[in-house]
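In Swiss-Prot this protein carries:
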- 34-45: compositional bias 'Polar residues' (COMPBIAS)
- 177-184: motif 'Cysteine switch' (MOTIF)
- Cys179, His349, His353, His359: Zn(2+) binding site (BINDING)
- 208-696: topological domain 'Extracellular' (TOPO_DOM)
- 214-415: domain 'Peptidase M12B' (DOMAIN)
- Asn238: N-linked glycosylation site (CARBOHYD)
- Cys324-Cys410: disulfide bond (DISULFID)
- Cys366-Cys394: disulfide bond (DISULFID)
- Cys368-Cys377: disulfide bond (DISULFID)
- Asn390: N-linked glycosylation site (CARBOHYD)
- Asn393: N-linked glycosylation site (CARBOHYD)
- Cys481-Cys501: disulfide bond (DISULFID)
- Asn607: N-linked glycosylation site (CARBOHYD)
- Asn612: N-linked glycosylation site (CARBOHYD)
- Cys658-Cys668: disulfide bond (DISULFID)
- Cys662-Cys674: disulfide bond (DISULFID)
- Cys676-Cys685: disulfide bond (DISULFID)
- 718-864: topological domain 'Cytoplasmic' (TOPO_DOM)
- 752-762: compositional bias 'Polar residues' (COMPBIAS)
Amino acid sequence: MRLALLWALGLLGAGSPRPSPPLPNIGGTEEEQQASPERTLSGSMESRVVQDSPPMSLADVLQTGLPEALRISLELDSESHVLELLQNRDLIPGRPTLVWYQPDGTRMVSEGYSLENCCYRGRVQGHPSSWVSLCACSGIRGLIVLSPERGYTLELGPGDLQRPVISRIQDHLLLGHTCAPSWHASVPTRAGPDLLLEQHHAHRLKRDVVTETKIVELVIVADNSEVRKYPDFQQLLNRTLEAALLLDTFFQPLNVRVALVGLEAWTQHNLIEMSSNPAVLLDNFLRWRRTDLLPRLPHDSAQLVTVTSFSGPMVGMAIQNSICSPDFSGGVNMDHSTSILGVASSIAHELGHSLGLDHDSPGHSCPCPGPAPAKSCIMEASTDFLPGLNFSNCSRQALEKALLEGMGSCLFERQPSLAPMSSLCGNMFVDPGEQCDCGFPDECTDPCCDHFTCQLRPGAQCASDGPCCQNCKLHPAGWLCRPPTDDCDLPEFCPGDSSQCPSDIRLGDGEPCASGEAVCMHGRCASYARQCQSLWGPGAQPAAPLCLQTANTRGNAFGSCGRSPGGSYMPCAPRDVMCGQLQCQWGRSQPLLGSVQDRLSEVLEANGTQLNCSWVDLDLGNDVAQPLLALPGTACGPGLVCIGHRCQPVDLLGAQECRRKCHGHGVCDSSGHCRCEEGWAPPDCMTQLKATSSLTTGLLLSLLLLLVLVLLGASYWHRARLHQRLCQLKGSSCQYRAPQSCPPERPGPPQRAQQMTGTKQASVVSFPVPPSRPLPPNPVPKKLQAALADRSNPPTRPLPADPVVRRPKSQGPTKPPPPRKPLPANPQGQHPPGDLPGPGDGSLPLVVPSRPAPPPPAASSLYL
């Protein structure tokens, strides 16, 4: 096999090497520095890089810095392949903390150590399922996987860094090595397919934590034996980087990224008591992590790597379902292989236990890709053949179940110190200056992101990699992006200016949950009933108190308060029995985690009543350091909870002290801040909000609008009656607008009327009169006027109180003014004498016509 590095693209990172602090020189023997290969060599290669100049050796390229993008052509089994690589910026997202010790024991801390990022990730052109993980720190080392059935390792050649050795993965046999999950296993995380699907759909309605990217902040600790095996400190750093790179590659398909935030090397002596018993070593390491490492270097998981051989076939041990726990999130691993692939696979296995992954079931229920009879799944209980490269579907389902049950809240947080130092488009992480990053062109599926520029496409507001973005548009501020999963979880809402959901915030330790059956611890609500259901399925409940107490006070495989560092079972004190092994009844016949090793039944008598008790011995694997014990925070009595597997007062968790600053109107979250009740203002919940809520305001406005509409409708329905009532209230002023069918009562026809002619057109009256009643049909004939002249005026009633223009009374006989035009001849009398008006001295009585009167004539026309 022959490899040639043809050209490098995007030399954004090329330049002078970054300055680094002086590293310790440990020294060592030649035997310690040289290790014989454990596989059959398949060939060698000479690495050369061609840029814009003639070909250069890799060593010459490293003198000026590493390119951020590489394109490599190589031959594998006489076939030409092209690798497309980018620096893995997620591996070292910031400047990690490097710790070592001087001969006098002084701790040397280099925060923000300028560790050269010499590791790359990528894929092989033309192979969609391929992946590549290479480091070029000093020579080329790494892994090339074309398919689940075909993969190659690249190792350093003996004595020549420029001639890496290629071998097939199938040649890396790790005979007799097994894993040992720790005895401290907490909550079962694997379920049968039927139950898992039922729970899956129920939980997906609440929260989708599976598609969100999780980040494990990792610290690797090298003990003194590991330091002496690699006395060149830079070589130790390179090996650590290579292991972390493979870890990140293994977990990436699960949407979990591994970020190396620190490396501690015990350069002078070990800081804990070492032991070949992995359980004892794990207990010592976790105690040191909790009291020494964690306070000065925040992280999510710590892994100890040692050359010390473990007793038996085990190569590692960890705590089941312990991620984010300050007490149990860690593991111990034996550096059992010269190949970094074997060590990285072992660390990935133990880290998987911390994430809630159980061993893969034997047989075909959890098939692993790879050629028979080799096994290539990371969570296989035994690595009798080759190191695992992938996680099975069972592991995927177990991780999803653990996340949906509230595990791993710390994985959704990203510390500001982890911000990348520069931008690199295509690394699937949004670096400074980028708006999005969907990876390589052939793997980018985001319609909102331009994979060539890592900028949003025109019209897009966000990239679809976050829950706060839909169809390239941002959800508004306040949109629920992460609903709570249990009583200890708090909802998160979109900020309105980002596609990412804020960090997962949960209730603080000691806050009550599950109706008082437990308190929140490390963001989880662990009631005894829920723990039984997680182990034995729906319907499972805590065992009877007598059965529980009897089993856990005996101190054997069926009941105890855990194992001592020496491996023996410890009986529980009567006060602590609720904090020991889980004792359940009912549910399924087979557990969802592990397998039943043995069963024991016994009839107990209490107060004259016989009680049938049944206990089981669960086999969780050799790498599980403790039996299934009750989770911290489980209620064990009034005001008492399990802390450190002992029943202690809940006040020790400090919830009351934290709650005081919320002044009785809120609770504390995991960040130590008050979450105020509705109607109270943060940050201390002292001020009561007086403003009416928007919902109340909207309801009031709606009711007011409805009332207005009802009034308008009633007014329209009764409009006729209302009009009549208004006329009555106004009196006579309304009569001129009243309909003709209802005229106001008027006096009878007057005895005198205005003399008018009988033409076709209406004549002009001598003075304005208001319209009231019809005019007389015919004027009075002149020959009758003399007979009526001496008749007295008839009595009249007063007119309505309307303004009427009247003429002043004349002193002479009343006579209508002559018209402008000559009047026609008087018609023959057609009216009876009684209907004619008589003469008089006064004013003529007003006669109201039936039609509107014409406008009054000008004053000059009234008299001729």
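Here the Cβ of each residue, glycine as well, is placed from N, Cα and C on the backbone.
By the criterion of other Cβ atoms within 10 Å of the residue's own Cβ, the least surrounded of the binding-site residues His353, His359 is His359. The average pLDDT computed for the topological domain 'Cytoplasmic' (718-864) is 55. In three-state terms derived from DSSP, Asn607 (N-linked glycosylation site) belongs to neither a helical nor a strand segment and is classed as coil. A 10 Å cutoff on Cβ-Cβ distances gives Cys658 (disulfide bond) a total of 19 other Cβ atoms nearby, all chains included. When Cβ neighbours within 10 Å are tallied across all protein chains shown, the highest count among the glycosylation sites Asn238, Asn390, Asn607, Asn612 belongs to Asn238. Remark: Cys366 (disulfide bond) has Asp360, Cys377, Ser392, Asn393, Cys394, Ser395 as non-local neighbours, by Cβ distance under 8 Å and separation of at least 6 in sequence. If you take the Cα of Cys324 (disulfide bond) and the Cα of Cys658 (disulfide bond), they are about 21 angstrom apart, rounded to a whole number. Other C-beta atoms found within 10 angstroms of the C-beta of Cys324 (disulfide bond) number 20, with every protein chain shown included. In the three-state DSSP assignment, the secondary structure recorded for Asn612 (N-linked glycosylation site) is strand. Less than 8 angstroms from the CB of Cys668 (disulfide bond) sit Leu507, Gly508, Glu511, Ala655, Cys658, Arg659, Lys661, Cys662, Cys674, Arg675, each of them six or more residues away in the same chain.
Put simply, His359 (Zn(2+) binding site) is 12 Å from Cys368 (disulfide bond) when counted between their Cα atoms. For Asn238 (N-linked glycosylation site), the nearest neighbour among the listed binding-site residues (His349, His353, His359), judged by C-alpha distance, is His349. The two recorded residues, His353 (Zn(2+) binding site) and Cys676 (disulfide bond), show a Cα separation of 37 Å.
Closest in space to His349 (Zn(2+) binding site), of the recorded positions given as Cys410, Asn607, Asn612, is Cys410, taking the CA atom of each residue. Counting Cβ atoms from all protein chains shown, Cys676 (disulfide bond) has 20 others lying within 10 Å of its own Cβ. In this structure the alpha carbons, written CA, of Cys676 (disulfide bond) and Cys481 (disulfide bond) are 20 Å apart. Cys501 (disulfide bond) falls within neither a helix nor a strand when secondary structure is assigned with DSSP, and so counts as coil.
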